[in-house]
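Trainee: Sharing the feature lines straight out of Swiss-Prot:
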- Leu9, Ser10, Gly11, Gly12, Leu13, Asp14, Ser15, Ala16, Thr17, Val18, Leu19: ATP binding site (BINDING)
- Cys188, Cys198, Cys201, Cys204: Zn(2+) binding site (BINDING)
Amino acid sequence: MSKKAVVLLSGGLDSATVLAIARHQGYDVYCLSLDYQQRHRAELQAADRVTKALGAVMHRTVKLDLSVFGGSALTDASIAVPEVPSEGIPVTYVPARNTIMLSLALAWAEVLEARDIFIGVNALDYSGYPDCRGEYVHAFQAMANLATKSAVEGRTIAIHAPLIDMTKADIVTQGTSLGVDYSLTVSCYQADDEGRACGVCDSCRLRRQGFVAAGLADPTRYAPTAGIR
């Protein structure tokens, strides 16, 4: 019997790498994306490209409009995306986003009878988001194994965060070795409709630094007006 895994896929660099890792580990991969009315909607088209390139069994996108709550520069157009690193948790944090996404992945995993969920959170080269830490992942896994029919009946769920302790350079190096085409991905928080990056947001900065540190060419497509810092 094949082993199934649900992979959370944003369409960015990290989640594409996680998809490649899951495939390399022999999983039949079912990708789940969330259309939460994010500012950088080009990442949803990127997710489609990545799933096709890396051979996912299925890709589903769930629509859940988090802009009705706002509270983040990624869901509220009145909040500007910062161009320089800030102190504390940045305004690009989307309240409870990873918890929502993992909950949806958990529901689908139960239906698929899959015991494994992959997420691309990273605790080193990240922006300070509280739901990108190892203790958060462990806590969600503990909750999942208390709250699901499958776990109660003996089919426990494992939450895999293979990038959690990796630098961005480590991530792009491993992904490249696994055949990830990063030109298909979109990381920018304010990418234009064609998926071209701004070059100045925190996500662009971390992505670019990763390729430089890894000694790899940066395949990111930048908008004509992009500022590279």
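Yeah, the Cβs are placed from backbone N, Cα and C, and that goes for glycine too.
Here the structure is a predicted model, which means the values were calculated and not measured.
I'm curious about the neighbourhood of these features; can you describe it?
Mentor: Annotation for Leu9 (ATP binding site): same-chain Cβ neighbours under 8 Å, separated by at least 6 residues, are Ser15, Ala16, Val18, Leu19, Cys31, Leu32, Ser33, Ala47, Val50, Thr51, His59.
In the three-state DSSP reading, Cys198 (Zn(2+) binding site) counts as coil. In the shown protein chains, 21 other C-beta atoms lie within 10 A of the C-beta of Cys198 (Zn(2+) binding site).
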Trainee: In whole Å, how far does the CA atom of Gly11 (ATP binding site) lie from that of Cys188 (Zn(2+) binding site)?
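Mentor: Taking the Cα atoms only, Gly11 (ATP binding site) lies 10 Å from Cys188 (Zn(2+) binding site).
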Trainee: How far is it from Cys188 (Zn(2+) binding site) to Leu13 (ATP binding site), counting Cα to Cα, in Å?
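Mentor: Rounded to the nearest whole number, the Cα-Cα distance is 10 Å.
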Trainee: Measure from the Cα of Leu13 (ATP binding site) to the Cα of every one of the binding-site residues Cys198, Cys201, Cys204, then give the nearest.
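Mentor: With Cα distances computed to Leu13 (ATP binding site), the winner among Cys198, Cys201, Cys204 is Cys204.
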Trainee: Using Cα coordinates, what distance in whole Å links Thr17 (ATP binding site) and Cys204 (Zn(2+) binding site)?
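Mentor: Cα to Cα, Thr17 (ATP binding site) and Cys204 (Zn(2+) binding site) are separated by 17 Å.
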